């Protein structure tokens, strides 16, 4: 009997093993295939024909297995393959690499005035740059667009620029009639998404395959970058006023690459590929993924092709702060944007039964819970996670009719309010923990709710647990302007150092990203929850997703004012003119704990578009210099070719150190060295016969020597080089500091061209 059982178990094992092996062979995934572009035989009229033929001949795949054929952003294609087919493809001499598709995530009015962009008499109206921006096209890769929004009204707009080669895609709920002279194009890319959810590209997805925005995120970012003026805008009465984007006369093209389960690399690359062909001038990408080498980073690959063609690419830094080294989108050819606060707030208060009033924020717009205090409860039970207010964690018997204290974290802030309401609670105090510190983000909650910082939260939690009959009431204060201090760096904003290339300082800058009012999709409520049946034309949202399109719009204005500037020149202008002091004339602070911020948190500082219009000097970077940078990394020639898409790359010229790139900031990694030498080149974009002198701010642990100390520019467009030597000093105990900060400023009476400098002795 034992022998029979053993034999049966062995048979079952081999059957299961065979079944798993078959599933592994037959299960299909999306792969991105890198081709040797120059190897295309003359017998094929197009690269698409060659890609299709190569796929079928090497893998015996049906024609529909080819999902996308890329020609602009990437040399290759995306295909639906099983592991055996992918392995077969990778052995072909005409193929550089085969990579499995990756998923990326979204990084989720008053800001124009806060940035100094006056709607009527602003600096941008001088010299005709406002009108010139009508020729600038911003491509937004996101969740699509809600075309009926007044933010995309085209009143007074001239004809669409002749360079535009895009279209307004037809779909079940979308069509050419929804586009106009403002929203000039809309496309959707869903093949990677459809493969990921199972069933292949022929299976009908849950979401309608069209550019229409059912999420709200894409509409919000597009209108932030270039929304038209809309009077009487607000979120249910909050932040009322005129809503407008940064570049109100620029054109918008929406590329829907994000769906309910994420944004897939194959779709993102297809969107970037199409945007480049369509003729956009700026790409705004408010999404990101895990860090990877540049040759494996879909966004970095597409962005390199775009920048090479003169397209400025702005990306969000990510919302994983305040933890160190959490940045996304760190390639040096990308503008990486962190988030800061505005000088506008939405105060709300929690008044406890002991008569102490604590400050918080809220966007709740309902009836409230009256003026009388009600019971307060904090469910600190590790077995049920009631303190986090997770779905199903609250017992109705203990919270019914009461205000519930919920710890921030794990699930969405607005979802916690829904959990409290469903359990019978009448209000919520959302209390920060150590992870979110003192940062306050306002939300349009489903029930009366106030968000408070960690220190206040600890006091409220202590009161709720120690008082035998704790009570509270909630009070809402509406909208308040001219808040001080501001800006403050958002706690959620991802921070450096740059873990892919530590010699490149990231983020580059911060922009407004907290409590931003912009257009919204009417297909979803302001919280984004299914149970939220409210409809609003505008919403207030926070995230580096919101700061990114601010910089995209500013780049469009700079492009209009200086059409001959390269993407790196525009980046340089924004970086070297950024400021690091708030409206109290104090150094920028970090919302996480109120401490002083630093360049790994805010980059060069907060953007100042007025000064960026006339920066005086710029650090320009050519494609050739980017190639020398890539060759200085530990990449193979084929990996460099994956990024650069040129067949004749030899890396005969390379930097000794990646930090030699002519970047507008410095990130010095000493490692086992005590001396680091770099050379930079400045181009005069100010008046002829300009003279600049250098000023150095060096920490006690590092000496900075710049030669020459004076630069004389006789002509506009003239270039001058300078060298800088960084010397690490020994401390008294013979060790060195972990990290320090400084700056190098070239200045005269008209301009201050400032480069932040970070110093580190170890990789982290």
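Cβ atoms here come from the backbone N, Cα and C positions, even for glycine.
On the 0 to 100 pLDDT scale, the domain 'Inhibitor I9' (30-107) averages 86 in the predicted structure. The domain 'Inhibitor I9' feature in TrEMBL is assigned to 30-107.
The feature domain 'Peptidase S8/S53' is assigned by TrEMBL to 134-584.
The active site, charge relay system annotation in TrEMBL covers 142 (among others).
The region 'Disordered' annotation in TrEMBL covers 200-223.
Counting same-chain residues at least six beyond the ends of the compositional bias 'Basic and acidic residues' (204-218), those with a Cβ under 8 angstroms from any Cβ of the stretch are 106, 108, 140, 142-147, 169, 171-174, 186-188, 190, 193-194, 197, 254-256, 258-260, 286, 520-521, 523-524, 528, 539, 541, 545. The compositional bias 'Basic and acidic residues' annotation in TrEMBL covers 204-218.
Sequence-distant contacts of residue 217 (active site, charge relay system), defined as residues of its own chain at least six apart whose C-beta falls under 8 angstroms from its C-beta, comprise 106, 108, 142, 143, 258, 286, 541, 545. TrEMBL lists 217 (among others) with the feature active site, charge relay system.
Residues or ranges marked as domain 'PA' in TrEMBL: 393-459. Under DSSP, residues within the domain 'PA' (393-459) fall into helix, strand and coil as 20 helix, 16 strand, 31 coil.
Summarising the annotation, TrEMBL assigns active site, charge relay system to 545 (among others). When Cβ atoms from all protein chains are considered, those within 10 Å of residue 545 (active site, charge relay system) total 30, not counting its own.
What TrEMBL records for 660-758 is domain 'Subtilisin-like protease fibronectin type-III'.
Secondary structure by DSSP for the domain 'Subtilisin-like protease fibronectin type-III' (660-758): 1 helix, 58 strand, 40 coil. If you draw a 10 Å sphere around the CB of residue 142 (active site, charge relay system), it holds 28 other CB atoms from the protein chains shown.
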